[in-house]
Amino acid sequence: MKFPIETPRKQVNWDPKVAVPAAAPPVCQPKSATNGHHPVPRLSISSRATVVARMEGASQGGLQTVMKWKTVVAIFVVVVVYLVTGGLVFRALEQPFESSQKNTIALEKAEFLRDHICVSPQELETLIQHALDADNAGVSPVGNSSNSSSHWDLGSAFFFAGTVITTIGYGNIAPSTEGGKIFCILYAIFGIPLFGFLLAGIGDQLGTIFGKSIARVEKVFRKKQVSQTKIRVISTILFILAGCIVFVTIPAVIFKYIEGWTALESIYFVVVTLTTVGFGDFVAGGNAGINYREWYKPLVWFWILVGLAYFAAVLSMIGDWLRVLSKKTKEEVGEIKAHAAEWKANVTAEFRETRRRLSVEIHDKLQRAATIRSMERRRLGLDQRAHSLDMLSPEKRSVFAALDTGRFKASSQESINNRPNNLRLKGPEQLNKHGQGASEDNIINKFGSTSKLTKRKNKDLKKTLPEDVQKIYKTFRNYSLDEEKKEDETEKMCNSDNSSTAMLTECIQQQAEMENGMVPMDTKDQGLENNSLLEDRN
């Protein structure tokens, strides 16, 4: 249960962002050693009222955080699973014992009725019901009730009032009258908040005491150059051990001695009481067969008060741990995602840059290899052609060179251009000797251009060549065409956009052609145009 308070209590929370600013003793909060990491949060000694103080401080500062629905549903599912698991375990442990008790009671009732024939089963059931009602009213049906102490004497009534405002509610005694029930309602409404203020104050004092002790322990470990995280863990363990010794172990030993319980029953009662569960199956000072001292029950209630403050501090500390762990987990997950995204971007950029460099290098190497292969093929072709020409006779070599380099084309063109003048100057004997004057004029009139006539003359000349020369010419002609096709395919595969390499290849090709005696196409076309102009003038 949460208790409202007027002012935020002094505390040092695990989470620096959520912690309420409060003035704490300087001894309890020594300066943490800066080691390059985030400061480790300090343990808090707080009670259930701390939750209300934190909520008030957050609402005043406008920084109140609301839990998301997904988180609420997840926690609800976890709680339901936890409840189902607990129910299954309790049923497996307690149901066999309950069945055995039922069988035992049934056998004892049957044996009693068999031994006491004068008692009817209805009378026995009525007696048992009266005993249960008396027990529920707080009167023990065991023994002589006139000699035992009353459940509503001053000590017992004080203890009952303490169980009401502490919300423990053992249930061993309860008001039976209407006036008592009405007063219990009003008493709980005003007494529970009042006890909450008292519990918060005691929690502050316990926090101060334990804070000073923890600060001394941290000072000792800090001199030994122990890491801050280890110091926090050690101080937490010492805090829990000290509380367990003071509020659990020592009271359990006392209850075992006074109440006659076993060690397990004593520890069970202590934990159930300080966690405000209060089943009521074991109650200190509830045994009618024991004569308790008058101060026993008030002392038990004072132990409950201080023990509740300690357990509230422990529960609050556990809640702070879980909250800090969840926030740290979220921050670590966010950092991991950010690092992963940054690493992915860097790897992608490096991969793209590497691929671009490799593509450029491979492209350059392919282009250079294509150029080198083209030059080697041309050089090999020229060497083979020169070797073949060396094997021919001088006459065939001159004819083949004239056909290959285009010199015959120029000489035949000059003869054609000069043919009309020769026909005019020379006599009829020479015309009859050659017998070609009229045929050449007909050829000029028929084709109408010197270029067509030149091509025709070349074809006629090729027909008159010997067969061995024609075969050699065709072989080298096909070889040249194959070389040109291979060069074109290589250029298409390379997809070269570098104009300098193309110009270099073209210059090398033109130079090789000029060395072999071949006339460039531009020069050939220009020569044809000049010859046409001279022919028109004539």
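Every residue, even glycine, has its Cβ placed from backbone N, Cα and C.
The topological domain 'Cytoplasmic' annotation in Swiss-Prot covers 1-71 (among others).
Residues or ranges marked as transmembrane segment by Swiss-Prot on the basis of sequence analysis: 72-92 (among others).
Annotation comment: Swiss-Prot describes Asn144 (among others) as N-linked glycosylation site.
As annotated by Swiss-Prot, N-linked glycosylation site applies to Asn147 (among others), with the evidence given as sequence analysis.
Marked as site 'pH sensor' by Swiss-Prot: His151. His151 (site 'pH sensor') falls within neither a helix nor a strand when secondary structure is assigned with DSSP, and so counts as coil.
Marked as intramembrane segment by Swiss-Prot on the basis of sequence analysis: 154-180 (among others).
Remark: Val277 (K(+) 2 binding site) has Ile168 as non-local neighbours, by Cβ distance under 8 Å and separation of at least 6 in sequence. A coil conformation is recorded for Val277 (K(+) 2 binding site) in the three-state DSSP classification, outside any helix or strand. Feature annotation from Swiss-Prot assigns K(+) 2 binding site to Ile168, Gly169, Val277, Gly278; the stated evidence is similarity to another entry.
Residues annotated as K(+) 3 binding site in Swiss-Prot: Gly169, Tyr170, Gly278, Phe279.
Swiss-Prot lists 182-202 (among others) with the feature transmembrane segment, giving sequence analysis as the kind of evidence.
Look at Swiss-Prot and you will find 203-233 (among others) tagged as topological domain 'Cytoplasmic', backed by sequence analysis.
Feature annotation from Swiss-Prot assigns transmembrane segment to 234-254 (among others); the stated evidence is sequence analysis. Here the transmembrane segment (234-254) has Cβ contacts under 8 Å with residues 43, 45, 210, 213-214, 217-218, 221, 226, 263, 266-267, 269-271, 274, 303, 306-307, 310-311, 313-314, 317 of the same chain, all six or more residues outside its ends.
The intramembrane segment feature in Swiss-Prot is assigned to 263-294 (among others); the stated evidence is sequence analysis. Remote same-chain partners of the intramembrane segment (263-294), defined as residues 6 or more beyond its termini with a Cβ less than 8 Å from a stretch Cβ, comprise 140, 142-143, 145, 148-149, 155-156, 159, 163, 166-172, 247-248, 251-253, 255-256, 300, 304, 307-308, 310-311.
The transmembrane segment annotation in Swiss-Prot covers 299-319 (among others).
This prediction places the mean pLDDT of the topological domain 'Cytoplasmic' (320-538) at 62. Among the features that Swiss-Prot reports, topological domain 'Cytoplasmic' is placed at 320-538 (among others).
Sequence annotations record features per position, and here Swiss-Prot assigns compositional bias 'Polar residues' to 412-421.
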Checklist outcome for this item: Not counting Ile168, Gly169, Val277, Gly278, residues with a CB within 8 A of the CB centroid of the K(+) 2 site are Thr163, Thr166, Thr167, Tyr170, Gly171, Val272, Thr273, Thr276, Phe279, Gly280
Checklist outcome for this item: Simplified to three states, DSSP reports Gly169 (K(+) 2 binding site) as coil
Item to check | Tyr170 (K(+) 3 binding site) versus Gly278 (K(+) 2 binding site) - Cα distance in angstrom | outcome: 5
Checklist entry - Mind checking how the topological domain 'Cytoplasmic' (203-233) divides into helix, strand and coil residues in DSSP? => result 27 helix, 0 strand, 4 coil
Item to check | Close in space, distant in sequence - Phe279 (K(+) 3 binding site), Cβ under 8 Å, 6 or more apart | outcome: Tyr170, Gly171, Val272
